[in-house]
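Below you will find the structure I want to go over with you.
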């Protein structure tokens, strides 16, 4: 509480004024704050600064031929940030240090940078020091979750881009984190997705977006009209380990940042936390508002079989 008070004091002293009219809503991970005047709502600031943010680290031991992830680890750090805040929402009774221990910069931590690097190489042939994309990041989270049953959160990654299959999900125990790695355009987000993307922030199960700009990932947690608020991992602190923990202050951001929707990169990961059957039914009911971003089907289509009868003889080309 004292740390958050210091952050608020620091921010309110330097804060730009809010330019949106009174009555405008800020949507923050499924709930809202109403703008009353030119100032940001204090509860919104407090909740923003209370979020866990995991950034670049230096002095890391155990990484192959390197001691820092600065310059290449932002997608991993932003994905860790999404996962850490998801766990905090799911288990509010857990102490912050318990959650941070899962992401410690040491090989034994379940979701450490070491584990992501190892899994990235195993699953996607991504070498240490190479940038992760959304699909690689999601695949790593799912596999690491499977390998750590003591972490009380299951992960389901959408298939075929953005598809959730009910029969597959029914085999996963709650609570479950749904991760949807997708692309909403070519060089920028296609305007046809704007309304649905804005709607996602109003869904109660929404736990954030990882993405941002090409090779510069962030964690997005709130929006005001078409501006998105985000946490930025591009700040380097010294490594956090269980024996030498970093200052708690390095896991919170004292700066409010936002970017316009048209400036976002179209590649991103959507995260939704489903804690029980009731929340799943609520998610299904609301999916119609962002049906082009997340699709739900009963089961995955069977692959089409190819028979020899349909294979052209190589000599046919001579007669065409």
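Keep in mind that glycine also has a Cβ here, set from the backbone N, Cα and C atoms.
Pulled these features from Swiss-Prot for this protein:
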ACT_SITE  74  active site, nucleophile
ACT_SITE  232  active site
ACT_SITE  234  active site
With the cut-off set at 10 Å between Cβ atoms, which of these active-site residues ends up with the most neighbours? Options: 74, 232, 234.
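That would be 74, with the most Cβ atoms nearby.
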Hey, does DSSP put residue 74 (active site, nucleophile) in a helix, a strand, or just coil?
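Helix, per DSSP.
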Using Cα coordinates, what distance in whole Å links residue 74 (active site, nucleophile) and residue 232 (active site)?
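The separation of the Cα atoms works out to 9 Å.
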Need the DSSP three-state call for residue 232 (active site) to compare against my parser.
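Residue 232 (active site) sits in coil per DSSP, no helix or strand.
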